[in-house]
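Look at TrEMBL and you will find B:HIS119, B:HIS123, B:ASP313 tagged as Fe cation binding site. The annotation substrate binding site is assigned in TrEMBL to B:LEU142, B:VAL143, B:SER144, B:GLY145, B:GLY146, B:ASP176, B:GLY189, B:ASP193, B:ASN285. The domain 'Gcp-like' feature in TrEMBL is assigned to B:31-319.
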Amino acid sequence: MLVIALDTSTPAVTAGLVALDDGPPRALAERVTVNPRAHGELLMPQLLDVMTEAGRELAEADAIVVGAGPGPFTGLRVGMVTAAALGQACGRPVHPVCSLDAIAAQATAEGPLLVATDARRKEVYWAAYDAARTRIDGPHVQRPAEVPTDGFAAAAGEMAEALGIAAVEPRYPTPVGLVTAARAALQGEPAPLVPLYLRRPDAAEPGKRKSVLTRGAK
Amino acid sequence: MTADRVVLGIESSCDETGVGLVRLAADGTVELLADAVASSVDEHARFGGVVPEIASRAHLAAMAPTMRRALDESGLELSDVDAIAVTAGPGLAGALMVGVAAAKAYAAALDVPLFGVNHLGGHVAVDTLEHGPLPERCLALLVSGGHTQLLLVEGIGEQITEIGSTIDDAAGEAYDKVARILDLPYPGGPPIDKQAKLGDPKAIAFPRGLTGPRDAKYDFSFSGLKTAVARWVETEQREGREIPVADVCASFQEAVADVLTAKAVRAARDLDVDTLVISGGVAANSRLSELAAQRCAEAGITLRVPRPRLCTDNGAMIAALGAHVLAAGAKPSPLDMPANPGLPVGTIVVQ
Ligand SMILES: [Zn+2]
């Protein structure tokens, strides 16, 4: 089957077309551009480039896999809504996958693994995986120093260095990583397309009104 | 001779996710086919104003279901769509981004042209769905929680020039703030309008902003009015008097409607246009429409106010503007088009 893979949960804008048959997933074409400020501008042109390079139409894809984060919200939503709209327009299922799982699926290390990406505000999004790359903890959002690293020799993801253990590739989700992580899910009904925000929106209920009279008297 | 074309419009600049469908006929007339809106207004109520992140989350959740509703309402399928228009700005950055990204994906999947259009132009264009084609030149007064503007429209798909705007709060924002002062619910427009009908508009002489001889003729200011209301209410409270809520609402509303209509009619006269369109969420305000009707009649100006449902943010207004720019032969927007929170009103289509 042919799978479109998209992810905008990190500074990388990831788009690819992946062939999934009996063997490991193969990227037919992919574009990964690191630009944290231009997800909305780059994603669709990159995907069309991918389709042109692969010599395929969007409608030829059998399914869409999209990274559901966690990731900085505005960028994350670009990939999610793009996938939702493509799926609706082409009549294809859209499968969300934890973006950290996609990084773990491609990690160049043996044994248990941590994955950490940039959550800004001096925090990281992180998750822990066993040797078979099954997620055993997370995703969470915390300061790097609070991430429990005991029993883990390596970490992947753009914030791997911040955890103080050996950093391995990849730094960002790849199309093959996304499809690998979604492989089991692709056989069933898609899960709801809900982003992994992990944080509440910043919003404060208004307090007591300030007096305009005292302010005016100053 | 071109056949009818179906234009899809997507709106996500603030707290409404809108998807609309219109039909553009060969003679240039535009007909409404569907208008589906999902609002996150209730989620913002306890914060007393729109929270951008809450709005953006709601847009993502609502986009595909709202699209489905619009299609069902029209009896069409996405494959019937000939062009897509989307609000490219102005508006909340994160909110706009959701609609723009979705529109690009729909346009690419359907292989139809995409037009990133101006939200403010949409508020004007929507009137053609109800009252037919606009004259070659007309004036538009846009009033809502997000905008207060006077626009000179010379061809809805071609040229829009801002001749005046608020220098501080939008009119709808002033309503929300005054509602808070009076412990009325958010959004403030409907409860204040309701109270105002029971009160005396001459009870309190609230200031009319920017109406002095040296002030900008067509600009507005509502921040001073809001502060004046707060001061008046607080002084009364300190004196231990009960607040006459209906009179405060009526007098506040009178001040807003007076300034808006006086400046709009004056601009229409100065610019020699004979048609005024009032649109935006506040256009539904009973006193504003009443006073506008009276003053336009006195000045010999034709007043056009779309029905309330079309005045508030929706996808139909974006589809309508998309149809007009398509009819005017505009070049489609590129797929790397950014969402532009500060899109100038003169930019009708992003190129
Ligand atoms: Zn609006």
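Backbone N, Cα and C atoms are what each Cβ position is placed from, and that goes for glycine too.
Whatever TrEMBL says is automated annotation, not expert-curated.
Residues B:LEU142, B:VAL143, B:SER144, B:GLY145, B:GLY146, B:ASP176, B:GLY189, B:ASP193, B:ASN285, recorded as binding substrate, reach a greatest CA to CA spacing of 18 Å. Here the C-alpha separation of B:GLY146 (substrate binding site) and B:HIS123 (Fe cation binding site) works out to 12 Å. With every protein chain in view, the residue among the binding-site residues B:HIS119, B:HIS123 whose Cβ has the most Cβ partners within 10 Å turns out to be B:HIS123. Counting only same-chain residues six or more apart in sequence, the Cβ atoms lying under 8 angstroms from the Cβ of B:ASN285 (substrate binding site) belong to B:VAL143, B:GLY189, B:ASP193, B:GLN253, B:VAL256, B:ALA257. B:HIS119 (Fe cation binding site) falls within a helical segment according to DSSP.
For ligand 1, the nearby binding-site residues are B:SER144, B:ASP313; that is, of B:LEU142, B:SER144, B:GLY189, B:ASN285, B:ASP313, these have a C-beta under 6 Å from one of its atoms.
Reduced to three states, the DSSP call for B:LEU142 (substrate binding site) is strand. Of all Cβ atoms in the shown protein chains, 25 besides its own fall within 10 Å of the Cβ of B:SER144 (substrate binding site). Take the mean position of the Cβ atoms of B:HIS119, B:HIS123, B:ASP313, the recorded Fe cation site; other residues of that chain with a Cβ within 8 Å of it are B:GLU11, B:SER13, B:CYS14, B:THR87, B:LEU120, B:GLY122, B:LEU142, B:SER144, B:HIS147, B:GLY280, B:ASN314, B:MET317, B:ILE318.
Separating the Cα atoms of B:HIS119 (Fe cation binding site) and B:LEU142 (substrate binding site) is a whole-number distance of 11 Å. Taking only the Cα positions, the spacing between B:HIS123 (Fe cation binding site) and B:LEU142 (substrate binding site) is 7 angstrom.
In sequence order, B:LEU120, B:HIS123, B:VAL124, B:THR148, B:GLN149, B:LEU151, B:ILE278, B:SER279, B:GLY280 are the residues near B:LEU142 (substrate binding site), counting only same-chain partners six or more apart with C-beta under 8 A. Geometry remark: B:ASP313 (Fe cation binding site) versus B:SER144 (substrate binding site), CA distance 9 Å. The Cβ of B:GLY146 (substrate binding site) has 22 neighbouring Cβ atoms from other residues within 10 Å, across all protein chains displayed. When the neighbouring Cβ atoms lying within 10 Å are counted for each of the binding-site residues (B:GLY189, B:ASP313), the highest count belongs to B:ASP313.
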